[in-house]
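**Student:** Before anything else, here's the structure in question.
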Amino acid sequence: MRLFKFEVIARRKLLVAAVFAANLSIFSAGMMESWSSPVLPKLLSNNTEENPLGYPISDDEESWIGSLISLGAVVGPFISAFSADHIGRKRTLLALALPLIISFTILIFAQHIILFYIARFLSGVSIGGIFAVLPTYIAEVSEVSIRGMMSTSMNNFEVLGVFMSYAIGPYLTLRTFNVICALVPVLFVAVFLLMPDSPYYLIAKDKKEQAKHCLKRLRCTTDAKAEKEMEEIKISVDKYLGSKYTDILNSRSNIKALIISLSLISFQQLSGVNIITFYTQILFDATGSSIPSEISAVIIGGVQVIAAFVTPFVVDKLGRKILLLISATGMLLSEIPLGVYYYLHDKGTDLTDLYWLPVTCLVFYITVFNFGFGPLPWTMMSELFPDNVKAVATSLTTSICWFLSFILTKYFESVSAHIGMGGSFWIFSGFNFMAIIFVFLWVPETKGKTFEEIQEDLRR
């Protein structure tokens, strides 16, 4: 089966190119997500050569810079929900690159804190939209046998972007770093312009010849096989033609899909992942470890990349459910000792001999996160909803995701000041325990199933 999948991928050159090009958008998003990790230490510095503001930012300004990206990402999905159904998945993704390009351009020249706020919010609008549309695009251009592998590749490119910021951000001037960041969405636009749109969208708009041509190129197949797949897609599309967005609450299957998607994405955020991504260097500085924080961040980013590249090769073999259970259990086991370390550190305990523990815990956390709760909520979100509500459902789920991210990143430091970082990580571990129970009892397996088969399962 594994060899068969590699043979399928090897023959689908346009499909691989389309997924690669589309994923450049989320590579850029990943760079902006972790942008704050190497940049905040510069903005907290008195060194005017490093800090374009000319003064160290306050705790409140720091929290706004860290969190405004998430607030913008709450807005982005609702814009993309409308445009994805009206102008297509491809054009929507291309349009979403514009706010990223503008935000990085602002940051190249910014010398006032307000400009940093505007840029972070704008980038969030783009990122929220990308997270809502990209899973749908990848799922719809992919065939069933390799859909899981293709869909989880989104997470690979995101963590590569995160790693890139960790790896180069601390060692470049702020302006040079932002110039490099700005080039990535420009490259995405140049490459993705050459790629096809979703065959589902083309059939929904009655562009049959374009859809047939698209499927023949994506599948490297004959007219007859392309027409057969078109018929299957048309049945799925016609079934929901003329329905309204409010239909998301009009059927048992849609409500179940919404509850599952919202729960998975909420548990993803409540595990504390964006706290770790946005504030990596600051978290390590707070441990008092002898390992330099910028080196620790690079280690975390490197492990994240390696772990993320394992998932596509096992997701269609082991299935979504078992990987989610492994992921939640591993995060629970990593955050409990990390909480103990921070608790003892805050109490003034000498932890010199345990300098390795924070890095070890976070390496383990990042590894298991990327096995399951990193990519799979997005993969399942693109699989669980029928075509008529997919755009609005994924947008709603994505907005909830980023709203939780905003609350956590904005208030993490102030809450931790009252209960300690140890208490914060114990709370995260409590949510991981709840995630284990939820996945075990309520999450269905979607491995190897067509979209219609998944809908039949949800109706039961």
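Residue 1 is the first one shown; counting continues down the chain.
Using N, Cα and C of the backbone, Cβ positions are placed for all residues, glycine too.
Quick paste from TrEMBL:
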DOMAIN    14-447  domain 'Major facilitator superfamily (MFS) profile'
TRANSMEM  65-84  transmembrane segment
TRANSMEM  96-119  transmembrane segment
TRANSMEM  125-142  transmembrane segment
TRANSMEM  154-171  transmembrane segment
TRANSMEM  177-195  transmembrane segment
TRANSMEM  258-283  transmembrane segment
TRANSMEM  295-315  transmembrane segment
TRANSMEM  322-343  transmembrane segment
TRANSMEM  355-379  transmembrane segment
TRANSMEM  391-412  transmembrane segment
TRANSMEM  424-443  transmembrane segment
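Can you tell me where each of these features sits in this structure?
**Tutor:** Counting same-chain residues at least six beyond the ends of the transmembrane segment (177-195), those with a Cβ under 8 angstroms from any Cβ of the stretch are 14, 17-18, 21-22, 24-25, 27-28, 31-32, 35, 38-39, 90, 93-94, 97, 100-101, 104-105, 107-108, 161, 165, 168-169.
Counting residues 6+ beyond its ends, the transmembrane segment (258-283) has Cβ neighbours under 8 Å at 33-34, 36-38, 40-41, 66-67, 70, 162, 166, 170, 248-249, 293-294, 296-297, 300-301, 324, 328, 331, 335, 358, 362, 365-366, 369, 373-374, 376-377, 380-381, 384-385, 393-394, 396-398, 400-401, 404-405, 408-409, 412, 421, 424-425, 428, 431-432, 434-435, 438-439, 442-444 in the same chain.
If one looks beyond the transmembrane segment (322-343) by at least 6 residues along the same chain, the residues whose Cβ comes under 8 Å of a Cβ in the stretch are 264, 267, 271-272, 286-287, 311, 314-315, 351, 354, 357-358, 361-362, 364-365, 367-369, 371-374, 376, 420-426, 428-429, 432-433, 435-436, 439-440, 443.
Remote same-chain residues near the transmembrane segment (391-412) are listed as 63-64, 66-68, 70-71, 73-78, 80-82, 84-85, 124, 127-128, 131-133, 135-136, 245, 248, 254, 257-258, 261-262, 265-266, 268-270, 272, 274-275, 278-279, 381-382, 385, 424 (criterion: CB distance under 8 Å, separation of at least six residues from the stretch ends).
Beyond the transmembrane segment (424-443), the same-chain residues lying 6 or more positions past its ends with a Cβ under 8 Å from any Cβ of the stretch are 259-260, 263-264, 267, 270-272, 275, 320-321, 324-325, 328-329, 331-332, 335-336, 338-339, 342, 373, 380, 412, 415-416.
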**Student:** Same chain only, please: residues at least 6 beyond the ends of the transmembrane segment (355-379) with a C-beta under 8 Å from a C-beta of the stretch. Say none if there are none.
**Tutor:** 131, 135, 139, 148, 151-152, 154-155, 159, 261, 264-265, 267-268, 271, 273, 276, 283-284, 287, 289-291, 296, 299-300, 303-304, 306-308, 310-311, 315, 320, 323-331, 333-335, 337-338, 341, 435
**Student:** Can you tell me which of 65-84, 96-119, 125-142 gets the most C-beta pairs within less than 8 Å of the transmembrane segment (154-171)?
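**Tutor:** It is 125-142, which has the most Cβ pairs under 8 Å.
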**Student:** Cβ under 8 Å, sequence separation of at least 6 from the ends of the transmembrane segment (96-119): give me the contacting residues as numbers and ranges.
**Tutor:** 25, 28-29, 32, 43, 52-54, 57, 61, 64-65, 68, 76, 80, 125-127, 129-130, 133, 174-175, 178-179, 181-182, 185-186, 188-189
